[in-house]
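Chemist: Let me give you the structure first, and then I'll get to my questions.
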Amino acid sequence: MDPGSRWRNLPSGPSLKHLTDPSYGIPREQQKAALQELTRAHVESFNYAVHEGLGLAVQAIPPFEFAFKDERISFTILDAVISPPTVPKGTICKEANVYPAECRGRRSTYRGKLTADINWAVNGISKGIIKQFLGYVPIMVKSKLCNLRNLPPQALIEHHEEAEEMGGYFIINGIEKVIRMLIMPRRNFPIAMIRPKWKTRGPGYTQYGVSMHCVREEHSAVNMNLHYLENGTVMLNFIYRKELFFLPLGFALKALVSFSDYQIFQELIKGKEDDSFLRNSVSQMLRIVMEEGCSTQKQVLNYLGECFRVKLNVPDWYPNEQAAEFLFNQCICIHLKSNTEKFYMLCLMTRKLFALAKGECMEDNPDSLVNQEVLTPGQLFLMFLKEKLEGWLVSIKIAFDKKAQKTSVSMNTDNLMRIFTMGIDLTKPFEYLFATGNLRSKTGLGLLQDSGLCVVADKLNFIRYLSHFRCVHRGADFAKMRTTTVRRLLPESWGFLCPVHTPDGEPCGLMNHLTAVCEVVTQFVYTASIPALLCNLGVTPIDGAPHRSYSECYPVLLDGVMVGWVDKDLAPGIADSLRHFKVLREKRIPPWMEVVLIPMTGKPSLYPGLFLFTTPCRLVRPVQNLALGKEELIGTMEQIFMNVAIFEDEVFAGVTTHQELFPHSLLSVIANFIPFSDHNQSPRNMYQCQMGKQTMGFPLLTYQDRSDNKLYRLQTPQSPLVRPSMYDYYDMDNYPIGTNAIVAVISYTGYDMEDAMIVNKASWERGFAHGSVYKSEFIDLSEKIKQGDSSLVFGIKPGDPRVLQKLDDDGLPFIGAKLQYGDPYYSYLNLNTGESFVMYYKSKENCVVDNIKVCSNDTGSGKFKCVCITMRVPRNPTIGDKFASRHGQKGILSRLWPAEDMPFTESGMVPDILFNPHGFPSRMTIGMLIESMAGKSAALHGLCHDATPFIFSEENSALEYFGEMLKAAGYNFYGTERLYSGISGLELEADIFIGVVYYQRLRHMVSDKFQVRTTGARDRVTNQPIGGRNVQGGIRFGEMERDALLAHGTSFLLHDRLFNCSDRSVAHVCVKCGSLLSPLLEKPPPSWSAMRNRKYNCTLCSRSDTIDTVSVPYVFRYFVAELAAMNIKVKLDVV
């Protein structure tokens, strides 16, 4: 990862020259590196998970042992391999490799085969290795296992993909899914916290604690806490299989090492040797252990093993000491490999906890990005895979027991191979996780949530698609909290999280996006050589004694491992040396290492120490190191101890150490597309970040190869004349999202109030903002027949008058055919009976058949049973459709105004859009005014202006720059012109501000939302009109609407709408007893009777002359019946 190479070649300014280049549209030899970087964190984390990580995960799975017929059986997974996606054996095909486009088209999953080598042993003696198929697992597109890996753009196009296909997602049942990056606590770092709810965990507990999120190299995670008790002792708590356990700290320390009590005592009081309270507290913790009769390490291990083995499910022949070792390996500081390292880490956490409880140390903010990292897709994939491999071993034991109960089972390879096939299939758990985003786990995987882990990477437009891979979510549980602390924008997130790219609704502050320059570390590095380097620089090893007292030294931690101590006077020099090695790539120091020196201040502040981090999943970003003149990757924690300048005039010698690569590095990719965003009010930039993702544009170029449920397309897109340099850096002209429009700021009609806008009808007729919606429908005849029956195929019956000239001979509509409501849609035949069936087009919206794809099954042996019909629905702008500029100025099309009635300039120019001037004062979108002037000058001079934020200032005014350009072209300096009324032809008195603004058409269209009906379906229970636009239901009429009609004095209209036209019914009621349920119709008279008239009788009063009819809502009758079922009587007073 070269920290600065990406940003050394930023375009100096935008240009339109590539649009007129003869090679425009011809695929490049290589893909655009900038776009590929956006998904690199997703792809590389998955690459690590399926190669190095998978091997480490298999090694970390302990052998599964159980007893069978007085013998000890053990199964060990030696190796696991995931294969690239291929077709099954025996498939009829030309090529064995499966490509993503095929899975999208057939609505199947892009997956690879998982096989494992299982070693089985009897009484510790290996008997053989069995290679077993465990199921299919999803494969990330463009990863090392994907068949598209390293293909050039031309080859990608040949495989029906985008030339700039970025990957980073999974295809589950034909739908593109992205694993959402979640905020997690910083791994292997003790975080001091104060939580009042911890007092409820038991008697004597306080609100003070130190928490650590322990993560191994294969990403297995466990959360562990130290609690401070009122009596000065410490309690260790951890989670095993979603169950919370507590253990006095003294037992854990004694069990980890064979040190004497005095040595443990000395380690815990380091730096506070004269603190009598700490000495007494430590003595009390060790005394608790002695009171249980545990004076040696072996006795403590035996005691803990006896207490915990019932929850650990270890084999019966394990001694208690081994059970306790299993507990420490799986639950206590699992990121550390030796018990000695765990001992020193627990001692450090204890010292920090006492400092917190005594007010000598501040609490760490868990909501600050300093103490956070992100959950990458590869991390979740590997953790889930490891747990399912362990579950597969357990399922083999269950299958073994079931088999043994029915028949006698002998231990041999053939029997085991048959039993292995009875184990759980890993295909369904993975598909469920990716399809629903819900996690089914026995351990919880150390995560804070079990839902919302995956989202659909919908391609509404290309900007929305990009944002899925840069999104970072705080977590689903935090959305339910009433506190706002988790949503706050803290200064520590500068340069890592975009301050404006967050939703303005419920998820505000929870769903954030990485800045354009921010990167996620995805690589593991081995740090075995770093401790020796630290010792050479002056660090005292952990088992040595420093020259000064411990209170004058900093602890040194490397990735959560206590390395040693360093003199506080030497620490700054060591940190500078490490930073020098890091920037110059010397001494095998990785460039993404984080060097954090938290100094002693003499006041309650962060716990001091020298902390070094090389672990993955951290956020880093490049800045310019002024001393060395090179780019350096800095992390979230080390940034707060640096002095980073933004502009050259902010650099002070001896104080400033770093400088930003460019001023707009604090913005996300999407926010960088907003022109002159530094001139807008911040909420407007937030709105544009959201509306930019709702724009009709060009989400992709392979419309013919896609089978998405819905795709949008703008028919007449244009390249913006005014745009930031980042727009060209990401080649966004390949996926345009709007149109350059002539906008006049004038209140010309009464139809432009409340953000409404007038559009020139002639511009609309010429194609302004015309668009289409592509809708695809899968038709599978196998769903229409019984299982095992294969007699239905597409086709028509010759001479069938129902489909004459409407359907082709294959029973499908013609390509390009126009479909209206009631037209034949498709036809199929029953080969056994010869019967034909015709299905009709049911949508009220006219469409054109764009393309039809015939789909088969996985083995290529499917008959003509499944097709995908893609229809193109024209969606030209209509009154009520939503538009927006790139500055959060949204509005709806209120009127298509005839061109002859529109105002016009002296040169005869008629604006495309009339914008109400009242939209500017309160919104303060000065950037839109500047864009209007810049767009006007760009059109006049044939230029493309740079709208990158922060390039203008008070000294270098944008108004002066663009005003002079307009003046040079012969126009007014301030961008105004004299307009003439299109109605009277007279010159308007006021100067009208007119220019070119890039406008976006949003996906919110009246055609998708309008709902009206006269008669239709009714609910079977309440007899009221059903709701829902898709079923032609009625509109919702709520209490506020009712109050509005009452306030207008239209009560009769209210009675007609909500009663007569809803669920009016005539019911019989007994006037005497007031019952609505007791009147019943008499039994039918016998056939020989001369009386044929049947009357209503009250079953309570036994009278028929007291029955009357009333008009009541049908739902009221249902309500009375429900109350009667609860033994509640309703009595009516009939007047």
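Using N, Cα and C of the backbone, Cβ positions are placed for all residues, glycine too.
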Chemist: Which stretch does Swiss-Prot mark as region 'Fork loop 1', out of 94-108, 439-453, 784-798?
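Modeler: Checked against Swiss-Prot: region 'Fork loop 1' maps to 439-453.
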Chemist: Given the candidates S763, S937, S1051, specify the residue that Swiss-Prot annotates with phosphoserine.
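Modeler: Of the listed residues, Swiss-Prot records phosphoserine for S1051.
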Chemist: Name the residue range among 236-247, 380-391, 1124-1135 that Swiss-Prot annotates as region 'Loop A'.
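Modeler: In Swiss-Prot, residues 236-247 carry the label region 'Loop A'.
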Chemist: Which residues, given as numbers and ranges, are at least 6 beyond the ends of the zinc finger (1070-1101) yet have a Cβ under 8 Å from it?
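Modeler: Non-local partners: 1107-1108, 1112, 1117, 1120-1121, 1124, 1129-1134.
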Chemist: Quick check on the region 'Fork loop 1' (439-453): DSSP residue counts for helix, strand, coil, in that order please.
Modeler: 3 helix, 0 strand, 12 coil
Chemist: Residues sitting near the region 'Fork loop 1' (439-453): Cβ under 8 Å, six or more positions beyond its termini, same chain?
Modeler: 179-180, 182, 184, 213, 215, 220-223, 239-242, 375, 380, 383-384, 387, 391, 429, 432-433, 473, 475-477
Chemist: Using DSSP, what's the helix, strand and coil tally for the zinc finger (1070-1101)?
Modeler: 0 helix, 7 strand, 25 coil
Chemist: Residues other than C1070, C1073, C1098, C1101 within 8 Å, Cβ to Cβ centroid, of the Zn(2+) site?
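Modeler: What remains near the Cβ centre is V1071, K1072, G1074, S1075, S1078, P1079, T1099, L1100, R1103, T1106, I1107.
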Chemist: According to DSSP, does S1051 (phosphoserine) sit in a helix, a strand, or coil?
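Modeler: DSSP assigns S1051 (phosphoserine) to helix.
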Chemist: Please identify, among the binding-site residues D755, R1020, C1073, C1098, the one with the smallest Cα-Cα distance to K890 (RNA binding site).
Modeler: D755
Chemist: Tell me, by DSSP, whether K890 (RNA binding site) is helix, strand or coil?
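Modeler: In three-state terms, K890 (RNA binding site) counts as strand.
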Chemist: Looking at the binding-site residues D367, R1020, C1073, C1101, which has the shortest Cα distance to S1051 (phosphoserine)?
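Modeler: Smallest Cα separation from S1051 (phosphoserine) among D367, R1020, C1073, C1101: R1020.
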Chemist: Indicate whether D367 (RNA binding site) is helix, strand or coil by DSSP.
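Modeler: Where D367 (RNA binding site) sits, the three-state DSSP reduction gives coil.
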Chemist: Might you list, by sequence position, any residue in that chain lying six or more from C1101 (Zn(2+) binding site) with a Cβ less than 8 Å away from its Cβ?
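Modeler: Once residues fewer than 6 apart are set aside, C1101 (Zn(2+) binding site) is near C1070, K1072, C1073, S1078.
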Chemist: If you count Cβ atoms within 10 Å of the Cβ of C1098 (Zn(2+) binding site), leaving out that atom itself, what do you get?
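Modeler: That number is 22.
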